[in-house]
Amino acid sequence: MLHPRARTMLLLSLPAVAIGIASSLILIMVMKIASVLQNLLWQRLPGTLGIAQDSPLWIIGVLTLTGIAVGLVIRFSQGHAGPDPACEPLIGAPIPPSALPGLIVALILGLAGGVSLGPEHPIITVNIALAVAIGARLLPRVNRMEWTILASAGTIGALFGTPVAAALIFSQTLNGSNEVPLWDRLFAPLMAAAAGALTTGLFFHPHFSLPIAHYGQMEMTDILSGAIVAAIAIAAGMVAVWCLPRLHAMMHQMKNPVFVLGIGGFILGILGVIGGPVSLFKGLDEMQQMVANQAFSTSDYFLLAVIKLAALVVAAASGFRGGRIFPAVFVGVALGLMLHEHVPAVPAAITVSCAILGIVLVVTRDGWLSLFMAAVVVPNTTLLPLLCIVMLPAWLLLAGKPMMMVNRQKQQPPHDNV
């Protein structure tokens, strides 16, 4: 016979698995549609018209039209494509299901059009809304927070292809007690995350790791080097934190999201022309291209880091529907490669992983997620102790500092003004 605690944990197991599978399938569907549209916009259409896909006019034109299209969706769709991600944490409150079609369309347009944002925030928002709406009908005795946690965990597992990230994130938010141990509370979310990760793995494998030279043995000087790299990444990230609410306020004075996002898309197009095609899109595939290109110099990496960070701020401030984690990882990789080129004595594994740790920590203010991203992009067990040590001064630097988010009470997203 199972203990009552075990029966309690098993109660949500089937819903957790179902939510994890559904979360992954929704992610896969959105990414597949976006990939087809991206191929049409950036490969087939310019080829048919006899235009180079890296033509400045094409880059500016596609991103400007993408901004206008997303603005029209936000302006006229029911629910105005959900909340402005610049004003929301990664895991937020459920939104009405009526806003989901507009949110999904806005996300697909942004991903396909080359906007420097990832899918994580909108996909989590969509899956939370569906889980809460359906779960409340099927199992009304289960509270909304449980459905929110399961949907978030399932989506995070699907996004990263592993339940580890969900375990790390929720281990600090689901506090245990004398009556309910932490792992009892983690059981159902981990089931959802595992189901999401395994489902994603049936269709494709998220590829985060970079072909960076293996790091052998940790030295004391490496800790100092890593801390300096993380501090540089944090400094760069805090510039973006300072810029985001100010640019957001300035752009949303126009009130109409079509104008705001059209101008935002035009600015992104100019940044894309300066940085080149590798500086477009969410950044995961592009960082692989950046590492593979042996022709890049220190100044090239610096330019890519600056352009991508600027594009991230502009896209978020404009109100594009997307997440900030994936492009932040690209910025960290570019910064790390730049610092390694500048000081070759410091291994690239240290500069890249510590730069990712620093910049993701600024964007998410989540220590576990920052460690996870650094560890999966530069997969080397020798680095783990160093990253844990470097996290300490990095966390001290950010203690009490503002987050990369717009204060909703001061700044209203564009759909609130229509």
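Here the Cβ of each residue, glycine as well, is placed from N, Cα and C on the backbone.
According to Swiss-Prot, the feature transmembrane segment maps to 9-31 (among others).
Look at Swiss-Prot and you will find 55-77 (among others) tagged as transmembrane segment, backed by sequence analysis. Residues of the same chain lying 6 or more positions beyond the ends of the transmembrane segment (55-77) and with a Cβ under 8 Å from any Cβ of it are 41-42, 46, 99, 101-102, 105-106, 109-110, 112-115, 256-266, 268-270, 272-273, 277, 280, 318-321, 414-415, 418.
What Swiss-Prot lists as transmembrane segment is 90-112 (among others), and the listing cites sequence analysis.
Taken from Swiss-Prot, the feature transmembrane segment applies to 122-140 (among others), supported by sequence analysis. Listed by sequence, the residues of this chain that lie at least six past the ends of the transmembrane segment (122-140) yet keep a Cβ under 8 A from its Cβ atoms are 15, 19, 22-23, 26-27, 30, 82-83, 85, 88, 90-92, 94-97, 99-100, 103-104, 106-107, 146-148, 150-152, 154-156, 159, 321-323.
Marked as transmembrane segment by Swiss-Prot: 147-169 (among others).
Swiss-Prot lists 189-211 (among others) with the feature transmembrane segment. Long-range Cβ contacts of the transmembrane segment (189-211) within its own chain (Cβ-Cβ under 8 Å, at least 6 residues beyond either end) map to 12-13, 16-21, 23-25, 27-28, 149-163, 165-167, 170, 174, 284, 287-288, 291-292, 329, 333, 352, 373, 376-379.
Residues 86, 305, 309, 312-313, 316-317, 328, 331-332, 335-336, 339, 346, 350-351, 353-359, 361-363, 386-387, 389-390, 393-394, 397-398, 401-406 of the same chain sit 6 or more residues outside the transmembrane segment (223-244) yet have a Cβ under 8 Å from a Cβ within it. The transmembrane segment annotation in Swiss-Prot covers 223-244 (among others), and the record cites sequence analysis as its basis.
Under the heading transmembrane segment, Swiss-Prot lists 259-281 (among others).
Taken from Swiss-Prot, the feature transmembrane segment applies to 301-323 (among others).
Swiss-Prot lists 343-363 (among others) with the feature transmembrane segment, giving sequence analysis as the kind of evidence.
Within its own chain, the transmembrane segment (376-398) is flanked in space by residues 160, 162, 208-210, 212, 214-218, 222-223, 226-227, 230-231, 234, 329, 332-333, 349-350, 352-354, 356-358, 361-362, 365, 367, 370, which lie at least six positions past its ends and keep a Cβ under 8 Å from the stretch. Sequence annotations record features per position, and here Swiss-Prot assigns transmembrane segment to 376-398 (among others) based on sequence analysis.
Between the transmembrane segment (147-169) and the transmembrane segment (9-31) there are 3 or more Cβ pairs closer than 8 Å, counting only residues 6 or more apart in sequence, so the two stretches are in contact. Only pairs six or more apart in sequence are counted, and the transmembrane segment (301-323) with the transmembrane segment (9-31) gives fewer than three Cβ pairs under 8 Å, not enough to call it a contact. Nonlocal intrachain contacts for the transmembrane segment (343-363), taken as residues 6+ away from its ends with a CB within less than 8 angstroms of a stretch CB, comprise 210, 212-215, 222, 225-227, 229-234, 236-238, 240-241, 324-325, 328-329, 331-333, 335-337, 369-371, 373-375, 377-378, 380, 383, 386-387, 390-391, 394-395, 398, 404. Only residues 6 or more beyond the boundaries of the transmembrane segment (9-31), in the same chain, are considered here, and those with a CB under 8 A from a CB of the stretch are 2, 104, 107-108, 111, 119, 123, 126-127, 130-131, 135, 138-139, 142, 146-147, 150-151, 153-155, 157-159, 184, 187-189, 191-197, 199-200, 203-204.
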